[in-house]
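Peer 1: What Swiss-Prot records for this protein is below:
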- 47-85: region 'Disordered' (REGION)
- 52-61: compositional bias 'Basic and acidic residues' (COMPBIAS)
- 206-302: region 'Disordered' (REGION)
- 214-241: compositional bias 'Basic and acidic residues' (COMPBIAS)
- 252-263: compositional bias 'Basic and acidic residues' (COMPBIAS)
- 389-558: domain 'tr-type G' (DOMAIN)
- 398-405: region 'G1' (REGION)
- 398-405, 444-448, 498-501: GTP binding site (BINDING)
- 423-427: region 'G2' (REGION)
- 444-447: region 'G3' (REGION)
- 498-501: region 'G4' (REGION)
Amino acid sequence: MADITVAELAKEIGTPVDRLVTQLADSGVNKSATDAISQDEKEALLGHLKKQHGDESEAKPNKLTLNRKTKSTLTMGHGSKAKSVNVEVRKKRTYVKRSEVEDEKLAEEAAKAEAEAAILAEADAKAKAEAAAKEAENEKGVAAAKAEVEAERKAEAKIEAAAKAKIAAVEKAKNVEQAPEKVAETEEAKKLRLAQEKETLAKVEAEAAAAAEAAKKLAEENEGRWKEQEAERKAKEKEVVHLTSSVYAQEAEDKSDSADESGRRRKKKKAPDRNARGRNSGRGKGKTLSSPQSLKHGFTKPVETKLQDIRIGETISVAELANKMSKKGAEVVKAMFKLGAMATINQVIDQETAALVAEDMGFEVVLVKENALEEAVLADRNDTGEEITRAPVVTIMGHVDHGKTSLLDHIREAKVADGEAGGITQHIGAYHVETGHGMITFLDTPGHAAFTAMRSRGAKATDIVVIVVAADDGVMPQTIEAIQHAQASEAPIIIAVNKMDKESADPDRVKSELSQHGVLSEEWGGEVQFCHVSAKTGLGIDELLDSILLQSEVLELTAVVDKMANGVVVESKLDKGRGPVATVLVQEGTLKQGDIVLCGLEYGRVRAMRDENGKTIQSAGPSIPVEIIGLSGVPISGDEATVVKDEKKAREVALFRQGKFRDVKLARQQKAKLENMFASMAEGDISEVNVVIKSDVQGSLEAISDSLLKLSTDEVKVKIIGSGVGAITETDATLAAASNAIVVGFNVRADASARKVIESENIDLRYYSVIYALIEEVKQAMSGMLAPEFKQEIIGLAQVRDVFKSPKIGAIAGCMVTEGVIKRSAPIRVLRENVVIYEGELESLRRFKDDVQEVRNGTECGIGVKNYNDVRVGDQIEVFETIEIKRSL
């Protein structure tokens, strides 16, 4: 199409001339109405209009070209003849959109179609214009010419619209055709890949099935032979005969046997005597000369490393483990670090950790039970026999002023058999009574303290608990404590309501108060028997004994008589004339004079036996308390007493238990004290604060308990192990020792027996008279168990004025201290333009050639930074300290 003027173009597209001139100027084409416009200028105008209407697809670049230039220097040759060559590498890379190459073909087709449409439109327009001009001049004039121009404009608009529709159809067809091709290609590739995977899987399954079939046939053929070989190997391993039961003695015995075997082999291979006489032993002609032989080394290098089995006990130190493996201690410590366990060379580790380390280093481990001897000794007993009914063991508990002692005295006076002279021996804590329905064994008040110790050790020496409550006084805090002990031992309870002869007796009040603590009488629908008795008049004593025997029948208590005895220590003491004396309650079997008894940490032969009346007896059956003499030491109350066969083995077991008890005692020294609670928390030993509280009145006790429980958080918890009203007793101290607790006394004090236990067990005991002080100290202890926070505080700043070189240290910074103090032991930072460039520590700090520990503000000094020499003039050296900030609740 020939170039036309701006006015003609405005007339063709039907827009005012002024508006078209403005749009051309906005697109960068400055034209007037009479100027001609080219095709490129029309395209520029069209792009500008599209951009204004939001179509920026053609405005965005489709290609991006990057030019890169790299310069480097290459040194050729060595020494003085070396030459440097400058190398410059230029790279040019063009990035094209993914769709551009594909769209070029479509763009070309669209351009061709548009050109053809334009040519046709131009020819048609020319023909129509010429015809219209002629007709206008000849026939109709100006009106006909205007109509023809309008028709020409409409025709061009239709042709342009048809061209655009064709371009859009081509683009749509391209998008529709591309998708099926890609989908078809993807489906074909997927089918091919699945077929290959299926074929490979079938081959692998066929090979695996063939291998399994071959292995099965081989196992069936050799099954019998393998079982015989395994049985022979196990039999050989078990053929280890030792004369002693000690592990160390067994190892020494094995070494001695191996030395003897090697000595016998050397004797067999010994050379003949050089002085022996014979036909060929003389000198001269009869002597035959042997041909010279090449010397052979006596040591043959092993083909592969032979690792020995090592025996590991329940506990072993790192040094002992290294010695058994013939390794250096540092190697074992390094191996433990790799496994995530940190230990020193003298630290004792458990059996599992030692086995893991040994197996990791390539050794085979044989785990040894150190208590194997103890189990063997206890198993070597005749435990078979006929079971018969035994007497119940009854513990009488209660407040000291509620008539417990009077009740025991009345039972003793009424039921001791005729002809038995003398009264009950006061220092023996157990005795038995014969009734018309059977025998009953009682544990008196000293047995109460032992009962707490038994409960902490898990021994169940008591069958029935009788709790004495005064009818005129009601339930006291120590009565509640007795109920707690009885419920913890899971023993049935019988309530004896004493002092019923008094006018102020109110048994219903006792029942009501006990029901608040989970003790319901049978009359109120519970399971606890209530007996109304009077120790003064003897009222209800027979009913109480009948209730005890009835409860024992329900329990169906049985024991074997004809076997070696075992029992529990009720009480023990050291007598000046007789030595260690222990009161033992026989639970099973028959204890005889001359038996060898293993009693906790002690052992010995029973040299004499006495009953509760002080009479010498020869034997004692089940549920009979006896006093034995002949032990090696004073046993602990609650320990188990067992009769064994061999005194030598009993001694070994006792010594082993003593060593184990020593380790446990050392471990128990880490008590939950207020001063070292944070240290214990860091070791992971304590996760909660155990407290035993004793107060003067019940109101204060409730207030303290509620306040302490409210202090508990997610990290630290307060656990009240026991609480009560009254003085701190021996029972409280024993309970605190067993549960690792702190004993808190509020306006109360500990009695003499409790102070002895507290001193021996190293229990933390605190007295308070103000509740706020108590809560504050416990709060501080809990805050100490929280993990601390750390904060860095700047203590000094020095400005570098000059830098010197030292042959020993390196760069020395001559500084002026501008703020605070510079300490040699504190860490430092080097700042350059207020940016930290190095963090480390000082290597030297000098003032006038003298080494100093600190330099204060306004003083010059020389500073050497360790492992850093890039100190420059103008740098700042900052000295700081790390401060630990304790967290609080």
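In case you wondered, yes, glycine gets a Cβ from its N, Cα and C as well.
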Peer 1: DSSP on the region 'G1' (398-405): how many residues come out helix, how many strand, how many coil?
Peer 2: 2 helix, 1 strand, 5 coil
Peer 1: Using a Cβ-Cβ cut-off of under 8 Å, list the residues of the same chain that are 6+ residues beyond the ends of the region 'G1' (398-405) and lie near it.
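Peer 2: Distant Cβ neighbours of the region 'G1' (398-405) are 445, 467-470, 473, 476, 478-479, 482, 496, 498-499, 535-536.
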Peer 1: Report, as a single number, how many Cβ atoms besides its own are within 10 Å of the Cβ of Asp401 (GTP binding site).
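Peer 2: Taking every protein chain into account, the count is 11.
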Peer 1: Identify which of the binding-site residues Gly398, Met500 has its Cβ surrounded by the largest number of other Cβ atoms within 10 Å, counting every protein chain shown.
Peer 2: Gly398
Peer 1: In this predicted model, what is the average pLDDT of the domain 'tr-type G' (389-558)?
Peer 2: 75
